[in-house]
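Have a look at the structure below, then the notes.
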Amino acid sequence: MNNKKLKSKFIFITGGVVSSLGKGITAASIGNILKNRGFKVSIQKLDPYINIDPGTMSPYQHGEVFVTNDGAETDLDLGHYERFLDENMSKSSNITAGQIYQSVINKEREGKYLGKTVQVIPHITEEIKKKIIKAAIVHQSDIVIVEIGGTVGDIESAPFLEAIRQFRYEVGYHNVLYLHTTLVPYLKKAQEIKTKPTQHSVKELRALGIQPQILVLRSEISINKEIKNKIASLCDINPQAIFEALDVDILYQIILNLFEQRIDHFILNHFQLPNNIQIDLKDWRSLINCIQNLKEKVVIGLVGKYVILHDAYLSIVESLKHAAYYYNSDIEIKWIDSEKLNSTNVKTLLNDCDGILVPHGFGPRAIEGKILAIQYAREQKIPFFGICFGMQLAVVEYARNVLFLDGANSTEIDEKTPHPVITKKIKNSNLGGTLRLGSYRCCLQKNSKSEAIYQQTTIYERHRHRFEMNPSYVSLFEKNNDFLVSGFNPEKNLAEIIELKNHPWFMAVQFHPEFLSRPLKPHPLFKSFVEAALLKNGKNIKKSKLS
C-alpha cells in the first residue's frame with residue numbers, strides 16, 4: 001500500500017457486546033462536529049456480509065436501501081451520514097465483504113497475482129485497505145471515519161479488523177485513531193451499572209492487536225467518574241478518552257452530547273490538528289429546541305407492504321419529520337399494512353389522516369390495498385404523495401377508475417394486461433444491478449405545481465426503479481385536463497412527476513426525494529406535502545425559527 005502522498009486522518013469505529021449500538025449515529029455525530037470545525041469529513045461503512053450490496057436483500061432483513069448520487073445501493077447508515085453531515089456519499093462509502101472477495105477473485109482469474117496462493121492475508125486485507133484509501137481520495141477528505149459493521153468477535157469481521165490493525169502501522173500512529181463503542185448495561189433491580197461486558201469486549205479487541213484510544217459507552221443512565229476510572233484502569237485507556245452516549249428521545253441530541261463532552265478536542269489533539277476554532281452548533285441547538293416545543297400535530301398515513309419493520313422506510317420517515325419541524329409541528333406516522341387494507345376498512349383506517357403517502361415497493365403482493373388508498377385520497381381530496389412504486393400505482397388507479405381502462409396494470413404485476421400503463425424497458429434475468437439508479441435530470445413544466453414547489457425548472461433527483469410510465473399512454477392521460485405529467489427526464493423522455501390539477505395536493509414521483517432531505521434543509525416536496533396536510537383541517541401554519 002503506497003501511502004506517501006496520503007494526508008488524510010482515519011477514525012476506525014468498532015462495536016462490542018451487542019449489535020445495533022448506534023455506531024452509525026456515533027460516526028455521523030462525530031463527523032458533524034469535525035465538519036463544523038472546518039475539516040473536510042467523509043464516512044465509510046464496511047459491511048462484513050457476502051452480498052455485493054443490499055440491493056436484492058429483503059427489507060425485513062436489512063431495512064431501507066439507501067441510494068447515492070452515483071447510483072450505489074447502500075446500507076441505511078449512509079442516510080444517517082448524509083443527513084448529519086449534509087454531504088453526499090458515494091459508491092466508495094459502502095464496501096461489503098462480497099465486493100472485496102469478488103474483486104480479489106476477479107484479479108486471480110486475470111492472473112494479477114502471478115500464480116501466488118491467494119489468501120485472506122495479505123490479499124483480502126490489502127484489498128480492504130485499498131478501498132479505505134480510495135474513499136479518502138475520492139472525497140478529498142481531511143478526516144475519514146470508517147465504521148466497521150457487526151460486532152467484535154464475529155467471524156465475518158475478522159479480515160476487516162486485521163486490515164485496520166495493519167493500517168495504523170502503515171500510515172502512522174498520529175494518522176489513525178481507534179474508537180470502540182460498547183454497551184454498559186444497567187440492572188434496574190440491583191440499581192447497578194455492569195462494566196464486565198465492556199471489559200471483555202475491549203479484551204477481545206486487544207487480542208486482535210487493536211488498542212482502542214477512545215471508548216463510547218452506550219447507557220440508559222449517566223456513568224459516574226468512579227465507573228469511568230474503573231473501566232479506564234482495566235482497559236488501559238485514558239479516563240479522559242471515555243465518553244458516554246446516553247439514550248435520547250431526539251436523535252440529533254447525540255451530536256450535542258458528544259460535543260459537550262469535548263470528544264472533538266481529544267480527536268484533534270491525537271491527530272495533531274489545529275484545535276483553536278470555537279464553534280457552538282447553534283443551528284442544531286435551535287432544531288432540538290424546536291422539536292421540544294412543537295405547537296401542532298399532523299397525522300400521515302403511510303400505506304406500505306413492509307410496515308412491520310419501520311426501518312424499511314427510514315429516510316421517508318426522517319424526511320416527514322424534517323418537514324413537520326419546519327412548520328413547528330409534531331408528526332404521527334400511522335402505519336397501515338396495505339395487505340390488510342380493503343374496501344370495507346379503507347375509510348376507517350384512513351379517515352383520520354391529514355395526508356396519505358404510498359412509498360416504494362417491489363412485486364405484486366399487497367398492491368390492491370395501495371391502489372385503494374390512492375383512490376380514497378383522490379376522491380376524498382386528501383393530500384396524497386406517491387413515491388416510486390407509489391407513483392406507478394397512482395397511474396394504474398387513475399387508468400382504472402377515471403379513464404376506465406379495464407384491467408389496466410403494471411407489467412410487473414400482470415405481463416398480459418390489456419393496458420400496460422407501467423412497463424419495463426430493460427429485460428434481464430438477474431435482479432441485481434438492473435435498476436435505474438442514481439441522480440438524473442428532471443425538467444419541470446412551467447406553471448405547474450411542481451415548478452412552484454421547487455422554484456426552478458430543472459432538478460436532479462435520485463432513482464431506484466426498473467419500471468416506468470408507458471410513454472404511449474401519456475397523451476391519453478392528459479386529455480381530460482386534470483392529469484399532468486409535470487416532470488420528465490429529457491434524455492429518456494420518462495415521466496418523473498405526475499400531479500392532478502383539480503385536487504388540493506395530489507403528487508407522485510418516480511424518484512426518491514427522501515434521499516435528499518436534511519434536518520436543517522427539508523426537501524421541498526415533503527415541505528409542501530406536510531403544509532397541505534396541515535391546511536386540510538385548518539391547522540395553524542407557523543414556520544419555525546429553522547425556516
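Any Cβ shown, glycine's included, is placed from N, Cα and C.
Among the candidates Asp75, Asp77, Asp86, the residue that Swiss-Prot names alongside Ser20, Leu21, Gly22, Lys23, Gly24, Ile25 for the ATP site is Asp77.
Among the recorded positions Lys194, Lys196, Lys230, His512, the residue whose Cβ has the fewest other Cβ atoms within 10 Å is Lys196. Neighbour counts were taken as the number of other C-beta atoms within 10 angstroms of each residue's C-beta; across the binding-site residues Ser20, Thr195, Thr198, Gln199, the minimum falls on Ser20. Here the candidates are the binding-site residues Lys23, Gly24, Ile155, Thr195, Thr198. The one whose C-alpha lies nearest to that of His512 (active site) is Gly24. Over all protein chains present, the Cβ of Asp77 (ATP binding site) has 25 other Cβ atoms lying within 10 Å.
Each residue contributes its Cα atom, and for Lys196 (UTP binding site) and Glu514 (active site) those atoms are 41 Å apart.
In this entry, Ser19, Lys194, Thr195, Lys196, Pro197, Thr198, Gln199, Lys230 make up the residues listed for UTP, with the farthest two CA atoms of the set 24 Å from each other. A Cα-Cα distance of 19 Å separates Gly24 (ATP binding site) from Glu514 (active site).
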